[in-house]
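A.B. asks: Pulled the feature table from TrEMBL, pasting it below:
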DOMAIN    19-319  domain 'ABC transmembrane type-1'
DOMAIN    351-587  domain 'ABC transporter'
TRANSMEM  16-43  transmembrane segment
TRANSMEM  68-94  transmembrane segment
TRANSMEM  151-170  transmembrane segment
TRANSMEM  176-198  transmembrane segment
TRANSMEM  259-284  transmembrane segment
TRANSMEM  296-317  transmembrane segment
Ligand SMILES: Nc1ncnc2c1ncn2[C@@H]1O[C@H](COP(=O)(O)OP(=O)(O)OP(=O)(O)O)[C@@H](O)[C@H]1O
């Protein structure tokens, strides 16, 4: 239960709904109890009138007695109907308050979790799978909502109805009350047990279903690989196996569900039989009238559903507590990437890196080891190195996706940690290594960092600078062309260039290109770099690449190997040095020449 206490602040926020819900529950239950009493009075009246009527049968009184009797019954009928309608009206109001409250809280909770997720560092996303993140914001929140809505609603009903009905039953007849209520605890307990079995099996089905959908999703995303390796039959067989598992589990669930209702009905039937039997004996003994039996049968029926719901509510609360524990686990995660002074100023873009060392916390890999370099505002720096040499890690640290293990980064002479994180990131145009485009129009993808797109010419200019304008205008819908999931309608090189345009569009003070020209040919690469040189005038750029062709235009080049800087200088100076860079240059230009000759 304790994890659910965290929801009390939401319940407090919507207290008016809750209080009204409690009041409506109380009123609706009054309209449950009164009709039962009316039934008792009516039946006793019918029995008495009937014997009276028999006494005067055939006499002139009989006709009059009959019409009075019928009128009386009609009045009872109308009263009972009226009560039922009023009860229905209040039941409607209960749902409109308590269930509506649960929907409001569900909405708030989802938003709170989502915005909390967004605050968490990249490291958190590496540690937790996307499926898990999604499950907690959808399935777990739904389970918690079941507690806030139905469980609270039935719980309140139980707490109000029980004392009202049982208290009244005791006041009418104590032994009959005890006997008729005997099967109810058994009913509640068995429903609790069966419900838990149902939940356990449903969860297994849920897991099996998510495995099935992951399998299908992967099979369709990788359909090109499946087809080219002619693995369709294998894939079909695996699907068959996965869906058979799902079918078997579903059939096992159906078995338990099939037992559920007969069990409830049997126990309710038992209560009714005991009431009729014990009540019948008391009627014979003259202790009560016939009407009491009918009244008690109605009471037993009234209590059955709340008692049934007791088992159900208990298991909902248990499941909600488990879900809330999972939600709390993420809500308690704190971002350790913080700003010390929340400095929100326009930067010039000079970067100074001092003895930077970084060890990835989860893998323990030392990605950077004592790296130092200086880039003045407006200058360009190229970072060259083999795979895994730590190039992307530099970008991660400049973007403050992680904080350095030791060493410092200064922007405009101030420690990077003093800047407000959002304000800093807004001034950096980052082009990640693995391009991600949203399923949206090209315009919206390019204008993603702008918030609101007010000027289409900015988008078009960015597309021109990234050398993708001509491609875009040749699409049937031009800039309005929608990109499919992950931009599948674009080629690898086009995607990279749209991603560059997105970074350029927001006119950043620092442009960070993380190996994002790998999918374009050297000619396009040169065109893009030259265009960028123009727009990056007065702005700083860091070009990460493993191709020298990307690096040669930069003002300074650093060569990384296994997290260390092994060479640093201009293109010409490094060529003269005849070291690793010169070797690399030699090899890569040779290869490019061979490709051209071919
Ligand atoms: N999130 C991470 N968690 C743990 N280790 C990581 C993580 N990201 C990178 N590494 C490791 O850190 C080292 C440096 O990686 P980095 O991505 O900086 O290399 P890179 O030079 O950009 O390589 P590439 O050119 O292949 O992109 C590698 O050994 C890599 O396995």
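Each position is counted from 1, following the chain as shown.
Placed from the backbone N, Cα and C atoms, the Cβ positions cover glycine too.
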A.B. asks: For the transmembrane segment (259-284), which recorded stretch in the set 16-43, 68-94, 151-170, 176-198, 296-317 gives the largest number of Cβ pairs separated by under 8 Å?
C.D. replies: 176-198
A.B. asks: With Cβ-Cβ distances below 8 Å as the criterion, list the same-chain residues six or more beyond the ends of the transmembrane segment (296-317) that contact it, or say none.
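C.D. replies: Beyond its ends, the transmembrane segment (296-317) has Cβ neighbours at 1, 4, 32-33, 35-36, 39, 143, 146-147, 150-151, 154-155, 157-158, 161-162, 165-166, 168-169, 172-173, 176-177, 180-181, 184-185, 187-196, 199, 264, 268, 271-272, 275-276, 279.
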A.B. asks: When the pLDDT values for the domain 'ABC transporter' (351-587) are averaged, what is the result?
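C.D. replies: That stretch averages a pLDDT of 87.
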